[in-house]
Amino acid sequence: MGGAVVDEGPTGIRAPDGGWGWAVLFGCFVITGFSYAFPKAVSVFFKELMREFGIGYSDTAWISSILLAMLYGTGPLCSVCVNRFGCRPVMLAGGLLASLGMVAASFCRSIIELYLTTGVITGLGLALNFQPSLIMLNRYFNKRRPMANGLAAAGSPVFLCALSPLGQLLQDHYGWRGGFLILGGLLLNCCVCAALMRPLEAPRPTSGPTPPRPSRRLLDLSVFRDRGFVIYAVAASIMVLGLFVPPVFVVSYAKDLGVPDTQAAFLLTVLGFVDIFARPTAGFITGLKKVRPYSVYLFSFSMFFNGLTDLTGSTAGDYGGLVVFCIFFGISYGMVGALQFEVLMAIVGTQKFSSAIGLVLLLEAIAVLIGPPSGGKLLDATHVYQYVFVLAGAEVLASSLVLVLGNFFCIRKRPEVAVGEEERHKPPADVRVDSREVEHFLKAEPEKNGEVVHTPETSV
């Protein structure tokens, strides 16, 4: 697929690492919050929808599933739109679609219509906001990028803690139709965030003709030739198989142990509260000068920590044990959320990130649709929640091993000839931030992404 890029990011300009970037960070915080929390917050309306349409819980649960599938599965489409039209126009269109979907849903007369409006239209709108917001954050932050991505990722637990009780309040006062209508109005704030995504402008040349802007493919499939990207994509897909399973089943697990409903639901509050602080903390630590070159190993450790927490959580026999599990799961889950896109940016660089994230989200969409249902089938077959947690933990542990071993053997240890060739063609020292970063993240040939300062370690 060919075509010129309308807003591909200026070449030859440093990321400001501040200034208007803080407004971009705020917009990304809000967009991330809506994108990840909205599919879960809508679930508070499910019981009233079941009474309204005379359907079962599995039928209503498809609304959230379709929302998530659109958020992840439309990644390549978002990449094409961003590379063709730019981030800001795509986000404005996405905000209008997300709002329109919820407003239209308030007039629906069947569950099929809800699938189309709340699931497909709103899900597509959120997807068109989420991916471009990360791309803009990648352009505006360089040295402070890990911290910025950690703060942006904190939008997910913050909005989850806010939208769920808000949805319940709206349902109690206005019913599900009035609640959907008001939530549709709230989603118009995505358009406000889109307006904050001001494109960076390259400085005008003092003399001579303006160099032509290089063309770029609408969807750059050359990222699959990057060993680092392939390893990351495989590891992330395996991780997503088990990452979202424990939060789905932990409340039911507690009820199965005889815990009252109110106390069981409080477990998710504990998890979300810890997650709020874990994400920016992980971003701050990753941004430290001595830590940042090794962020891929820190990401691998966070996945290992998460998988180990699942395995130990399967041994919990009372409510206190589940509370401890949720605390440690919130820490590890927050670390994963803060680092996953940081490492992807590190591997592919700024210019290929818009295509890379779309392809990764597509692969993760398949895993998202497989992971929780497979845990549910295992539970139906065994009626033992511990097995579900063990399966999820094993999958996340396997992903951490794929990432760390793949990075160590396939990227870090390159043939001596290739290394020697790289040394002979190494660019001047002022163009690079740290030679160890390339050693641990990139392929033998340094990435030419059009930036004056190229940082192979990058963020969320």
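Positions of Cβ are set from backbone N, Cα and C atoms, glycine also.
Here's what TrEMBL has on this protein:
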{"type": "TRANSMEM", "residues": "20-42", "note": "transmembrane segment"}
{"type": "DOMAIN", "residues": "21-418", "note": "domain 'Major facilitator superfamily (MFS) profile'"}
{"type": "TRANSMEM", "residues": "62-83", "note": "transmembrane segment"}
{"type": "TRANSMEM", "residues": "90-112", "note": "transmembrane segment"}
{"type": "TRANSMEM", "residues": "118-137", "note": "transmembrane segment"}
{"type": "TRANSMEM", "residues": "149-170", "note": "transmembrane segment"}
{"type": "TRANSMEM", "residues": "176-197", "note": "transmembrane segment"}
{"type": "TRANSMEM", "residues": "229-252", "note": "transmembrane segment"}
{"type": "TRANSMEM", "residues": "264-282", "note": "transmembrane segment"}
{"type": "TRANSMEM", "residues": "294-313", "note": "transmembrane segment"}
{"type": "TRANSMEM", "residues": "319-341", "note": "transmembrane segment"}
{"type": "TRANSMEM", "residues": "353-372", "note": "transmembrane segment"}
{"type": "TRANSMEM", "residues": "384-405", "note": "transmembrane segment"}
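For the domain 'Major facilitator superfamily (MFS) profile' (21-418), the mean pLDDT of the prediction comes to 85.
By the count of Cβ pairs under 8 Å, the stretch nearest in packing to the transmembrane segment (384-405) among 20-42, 62-83, 90-112, 118-137, 229-252 is 229-252. Of the two recorded stretches, the transmembrane segment (353-372) does not lie close to the transmembrane segment (20-42), with fewer than three CB pairs under 8 Å once pairs fewer than 6 apart in sequence are set aside. Ranked by number of Cβ pairs under 8 Å to the transmembrane segment (20-42), the listed stretches 118-137, 149-170, 176-197, 319-341 are led by 149-170. When the stretches 90-112, 149-170, 176-197, 229-252, 264-282 are ranked by Cβ pairs under 8 Å to the transmembrane segment (294-313), first place goes to 229-252.
Counting same-chain residues at least six beyond the ends of the transmembrane segment (90-112), those with a Cβ under 8 angstroms from any Cβ of the stretch are 31, 34, 49, 53, 55, 59-60, 78, 81-82, 118, 120-129, 132-133, 177-178, 180-181, 183-185, 187-195, 197.
Between the transmembrane segment (229-252) and the transmembrane segment (264-282) there are 3 or more Cβ pairs closer than 8 Å, counting only residues 6 or more apart in sequence, so the two stretches are in contact.
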